[in-house]
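Asker: Below are the features I grabbed from TrEMBL:
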- 7-27: transmembrane segment (TRANSMEM)
- 39-61: transmembrane segment (TRANSMEM)
- 141-158: transmembrane segment (TRANSMEM)
- 173-193: transmembrane segment (TRANSMEM)
- 205-225: transmembrane segment (TRANSMEM)
- 237-260: transmembrane segment (TRANSMEM)
- 272-289: transmembrane segment (TRANSMEM)
- 295-313: transmembrane segment (TRANSMEM)
């Protein structure tokens, strides 16, 4: 549930979340398809992102604890003396590492707008994981919006829009497969992490640090398993440009900023943010990549935006209706008695 804060702050959260989501997708697509220069290793970008997230989380924990001594005690207690907790958080670390690498693969083969729309399949995936892992229920409206979203994504993928300014060879089927894996990872890891957070009173930033430590180890292994020989030959930061650094920074901030957005905004605002990010990505794709909008793409995108909004609507509380009817009956009884 969102905390009571000013409307201005909520609008600020919404604006930043929208811009980060849209800009990250478009900038990543740009660095993988149009940007001049040697192509960087995506596995190293994912690894650097984990390192930056760890540094930012340490900074937030330092601010939360209030002193270096308390920060040291928290790290000793929850990191060095809690190997089981690190092992527990290594599960979402592996899953998130796969998800982040799949995002690079998907955006190397699909337009940013098509990716942004299709990636919303994370909503039904998260909903299913929530039902199975957290024993929550969804309303009929939410289930209906899930099916509407899937139908909208099907329309978008039926005949994917083409980008005329992208000259490199692309494989749309490979891109869609990468997104499918990414949304499965997103749904499971997000719900698993929520379950871990709610199972104890441990600080969010401590949990993030535990996860990012595991994430750095896992992504380093991925670097040397996939690109080991090339990295040793050309260097870890081969192909890095200011644009690549910008993408890494956006990915790092985006993950941490989500927790702030969840705390201070509601599902309706997050739904508007996702829809706005889709629109911005589409506009940017038309300008930068020469995306050609088709009827099926436009129709599917509209359905996805509407379904996101419907899914975020609060459930109707009918618990007060019977009580109101009882009060009416009591009033009538009193009137008859009089």
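Including glycine, each Cβ sits where the backbone N, Cα and C put it.
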Asker: Can at least 3 Cβ pairs under 8 A be found between the transmembrane segment (39-61) and the transmembrane segment (295-313), with each pair 6 or more apart in sequence?
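Answerer: These two segments do not touch.
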Asker: Any contact between the transmembrane segment (272-289) and the transmembrane segment (141-158)? By contact I mean 3+ C-beta pairs closer than 8 Å, pairs at least 6 apart along the chain.
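Answerer: No, the transmembrane segment (272-289) and the transmembrane segment (141-158) are not in contact.
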